[in-house]
């Protein structure tokens, strides 16, 4: 059950991160504070996506809380690294994100996935 809550947390946090990235790239920069505040108060699509991203992080924290009650901390924190993989893949697949593929990033993803496999795959008992 803890693994399920952890996966929910990772997926929700990844979607929230993508939402916040979208909002940050479409809202006026905070260096133009009055324009930024006006865009928030107009509550257009960009501001709504910003709010959804923030609410997504809040929901992700609730799922993370449930995860920590059911799953060992060493496994739970390792699970968070999947968010990097999901966001990287989504940025390349989703239209308008312009995520770039590189061998360096692919090597990083391979390291993350290898580490997760080492942590989560069942260990065989050795007889001496």
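Keep in mind that glycine also has a Cβ here, set from the backbone N, Cα and C atoms.
The membrane topology recorded in Swiss-Prot keeps residue 58 and residue 125 together on one side.
Secondary structure counts, DSSP: the topological domain 'Periplasmic' (24-35) has 6 helix, 0 strand, 6 coil. Beyond its flanks by at least six residues, the topological domain 'Cytoplasmic' (57-76) meets 1-3, 5-6, 8-9, 12-13, 16, 20, 119-120 of its own chain at Cβ-Cβ distances under 8 Å. Within its own chain, the transmembrane segment (77-97) is flanked in space by residues 3, 6-7, 9-11, 13-14, 17-18, 21, 67, 71, 105, 108-109, 112-113, 115-116, 119-120, which lie at least six positions past its ends and keep a Cβ under 8 Å from the stretch.
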